[in-house]
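Chemist: Here's the feature list from TrEMBL:
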| type | residues | note |
| --- | --- | --- |
| TRANSMEM | B:92-113 | transmembrane segment |
| TRANSMEM | B:120-138 | transmembrane segment |
| TRANSMEM | B:197-222 | transmembrane segment |
| TRANSMEM | B:231-255 | transmembrane segment |
| REGION | B:357-402 | region 'Disordered' |
| COMPBIAS | B:358-389 | compositional bias 'Pro residues' |
| COMPBIAS | B:392-402 | compositional bias 'Polar residues' |
Amino acid sequence: MDTSQLLKGVLDLAVLAVLRDADGYGYDVLRRLRAAGLEDVADASVYGTLRRLFAAGALTSYVQPSEEGPHRKYYGLNKTGHDLLAQSTRTWTNFADIMSVLLLTKEEAA
Amino acid sequence: MNSTLTGAVATYLAQVRAELSDLPPGELADVLDDVTGHLTEVAAEFDGEPSSAALQERLGTPRQYADELRNAAGYPPRTAPAATVKHPGKAALRWGIIAATVGPFFVAIAIFAGAEEVGAFFVFIGFAVLFLAAWLGVRALRGQDPAVVLDTPRGAKGEALIRDMVAQIPPKLRQELVTIGQPVWWVLRGAVGAGGFFLLFGAGAVAAVAAIVGAIVSVWIARRAQQDRRWLWYVVPLNVVAAVAVPAVLSAAYLGASFGVFSNGYPSSSSSHTPNDGLRLNGMQITNIYPFDAQGKQTSVLLYDQNGEPIRIDSRENCDWVQGTNSHIENQFPYGVIPPDALVDSADNCRETTVAPFTPPPIVFQTPTPPPASPTPTPSAKVTPPPASGKPSATLTVQPSR
């Protein structure tokens with residue numbers, strides 16, 4: 001099964017999750033996702049997700065100068081973002097549990 | 001925003017921007033800020049500047065990248081036909097190309113046409129086309145950043161082509177061209193452009209002033225164009241005109257062909273107080289004229305040209321020159337001259353003589369016609385000198401003072 005198909009549904013959650021502990025700029029978010037094991041994530045889709053979450057009011061954004069080269073735009077969770085993360089986490093956990101049960105029972109039945 | 005990006009990366013960014021051009025301006029600027037940051041980081045992954053192919057392998061085509069971004073961000077689908085057909089950069093670029101080709105073409109015809117009225121007509125047509133097309137080009141931008149023309153396929157191709165050509169020039173020479181060649185060109189095109197224009201209509205003195213004003217205006221415009229790139233719609237076509245006109249005018253001035261005023265070294269005017277070329281005999285300056293009557297007796301005459309203008313000669317060997325006075329009738333000949341043996345130790349102690357320093361040879365009465373007293377009525381008159389001169393082929397040239 002193609003992970004990129006699965007990613008589409010949960011990219012929001014994944015991005016919110018990597019921003020939970022520390023703010024990050026786009027490329028940084030991308031790196032954290034890859035480091036966590038989501039190798040197939042497409043660069044542009046991460047940037048698009050950040051824009052959509054920002055437009056939805058879940059993220060704050062601020063610009064910081066960097067030592068090397070141009071300024072960087074950082075994104076971070078605000079109250080709405082934290083709430084969204086908590087709610088999405090429940091939805092995901094619930095969903096994952098169902099899937100796990102479904103898959104396990106099928107395997108056991110087989 | 002994208003000032004730090006160069007080469008293929010900048011082109012990639014421009015192409016992504018073109019794909020997203022239907023977004024609201026504020027959102028477009030924000031998302032491009034992110035994309036710029038992203039491309040900067042991606043470019044840093046490579047050793048040196050990545051090629052366009054390497055970028056596409058890493059990120060997909062600009063369209064794929066933009067579509068991915070669009071989907072993830074939840075932007076509305078691209079309004080495909082509108083975005084490509086009604087791209088403001090396309091129309092602006094098209095008008096710019098017309099301004100830079102058709103306009104100068106007519107001006108070039110004017111320069112090589114020769115005939116004054118035909119030339120003036122084509123100059124008028126050329127500049128009318130140039131300015132109209134340039135104006136339409138700037139209008140077609142509809143207030144957008146002039147850089148949008150680089151987002152069009154044609155614009156991107158042209159940019160890459162120019163970039164490659166510039167890269168061919170050795171860096172040292174490139175820098176000298178910018179620091180020295182550029183200001184020189186600014187001054188030259190302004191001076192020749194404005195000066196040459198008035199020379200076309202034969203206004204020499206005006207042309208000299210116009211050349212100076214033109215140089216100043218040209219430099220000013222160049223500085224403006226560096227700040228506001230919309231000026232390029234006018235500046236680039238005018239540069240093309242100048243690239244044709246400057247060598248043409250300079251070579252004409254050098255050869256003294258049709259731009260006669262330049263061939264004198266500096267423009268002359270009709271004022272009797274400014275130096276002019278006066279009278280020449282076989283290329284030698286005439287500094288005095290000694291009239292003799294038929295009996296071989298020296299006389300004094302007033303000389304006029306065919307227009308009744310007094311003929312005067314620049315003389316620096318008289319007391320007026322020494323004393324700074326103006327006591328002589330300017331067209332009365334012979335002029336008084338200070339004899340070569342006179343000792344002028346002070347300006348007050350000045351003595352001059354009108355006596356000819358030679359004795360004319362006896363008149364040969366075989367010649368039935370008397371020696372001509374005044375030039376024949378053409379601006380550049382050739383007068384057969386009296387046989388007394390002993391040079392049968394000598395020609396007397398009177399340069400009109402205008």
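Keep in mind that glycine also has a Cβ here, set from the backbone N, Cα and C atoms.
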Chemist: For the transmembrane segment (B:92-113) and the transmembrane segment (B:231-255), decide whether they are in contact, meaning at least 3 CB pairs lie under 8 A, counting pairs 6 or more apart in sequence.
Modeler: yes
Chemist: Using Cβ atoms and a strict cutoff of less than 8 Å, what residues sit near the transmembrane segment (B:231-255) while being 6 or more residues removed from its termini?
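Modeler: Residues 92, 95-96, 99-101, 103-104, 107-108, 111-112, 126, 130-131, 133-135, 137-138, 146, 188-189, 192-193, 195-196, 199, 221-222, 224-225, 262-263.
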Chemist: Hey, which bits of the same chain come close to the transmembrane segment (B:120-138), Cβ under 8 Å, at least six residues off its ends?
Modeler: 91-96, 98-99, 102-110, 113, 197, 200-201, 230, 233-234, 237-238, 241
